[in-house]
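Features reported for this protein in TrEMBL:
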type	residues	note
BINDING	62, 131	Fe-coproporphyrin III binding site
BINDING	199, 289	Fe(2+) binding site
């Protein structure tokens, strides 16, 4: 827990915004949701219908909304148990409750200053800046954006938390549990390979993510090494591991981070690997990329290759992760009060900033979008 003034608690904040991606709740939501996700790209509905098959396979409902409601409840419980009076409001970029709905709720409760917790642990355009741009864009549409930020409810942001102890511990615990399940399912945990998986991004986004700090890929590699080290100590052997990617999209000619997890499983099988644990370290909860890309596609690939494979859980609502998030709220509150705070960070990299440089996490390096982004040095009160 950060060294803060306990009597001041969460001041100056009077609300916590749990800020996420969003997802459809029923089949008729799928195409409108995908229109929101792909806005401005000119993708026809016929193509969106094809992409939406992932959602239709699950009854048109994404798991992400229930996952976020569970995390919201866990945060509320942890805050209450610590005696911290901080309402939690949930909002999404791409589906209800939308960003503007969340702001309406914050205003209705009389909130003046909120701290935003984005449900992405890593720093990149899609995991950091895009959320800050969306918040600024919505405020601008509402006539509530000034040169220094919001003229209504003010917003700060919790830093990227991939290298916090609770996130690493939660992932390590989930992987150890998966090794046990592999044995129960007839696999051999004594020789199993550990394959970490995260969402792929374009190579240009990867390059831009490293301005002033580690890139998206470097962030993952550092944390994967820590998790694997912890797991190795607990299973009594050195566990070999790799990092693979899922959920690639975009035109075929555009380079994205690889290897794809399915391709990588093929390489491992050709090398004689027969037992695998897949660990979705890039994801906070079991949403569609996990439920479809891993639980459906990757595990099917493993079976076709004759592999015994299981998928580890995500950090989700694990107590150590939820405690870490509340610690980060207290840390950000102390920083907002001007206090000196010891910021918890593990691995090779220091704690990432909660107020980012102006060129942090651009979509493409040195190519600003022209869209304001809240919680940056050039738009922070």
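Cβ coordinates are placed from backbone N, Cα and C, and glycine is handled just like the others.
Automated prediction, rather than curation, is the source of TrEMBL annotations.
Fair warning: this is a prediction, and the values are worked out from it, not measured in the lab.
Here the features listed in TrEMBL are placed on the structure.
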{"residue": "62", "record": "Fe-coproporphyrin III binding site", "DSSP class": "coil"}
{"residue": "131", "record": "Fe-coproporphyrin III binding site", "DSSP class": "helix"}
{"residue": "199", "record": "Fe(2+) binding site", "DSSP class": "strand"}
{"residue": "289", "record": "Fe(2+) binding site", "DSSP class": "helix"}
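Taking a C-beta cut-off of under 8 angstroms and a sequence separation of 6 or more, residue 131 (Fe-coproporphyrin III binding site) has the following same-chain neighbours: 19, 93, 116, 118, 120. Here the Cα atom of residue 62 (Fe-coproporphyrin III binding site) is found 10 Å from that of residue 289 (Fe(2+) binding site). Its own atom aside, the Cβ of residue 199 (Fe(2+) binding site) has 23 Cβ atoms within 10 angstroms in the protein chains shown. Cβ crowding, taken as the number of other Cβ atoms within 10 Å, peaks at 62 among the binding-site residues 62, 289.
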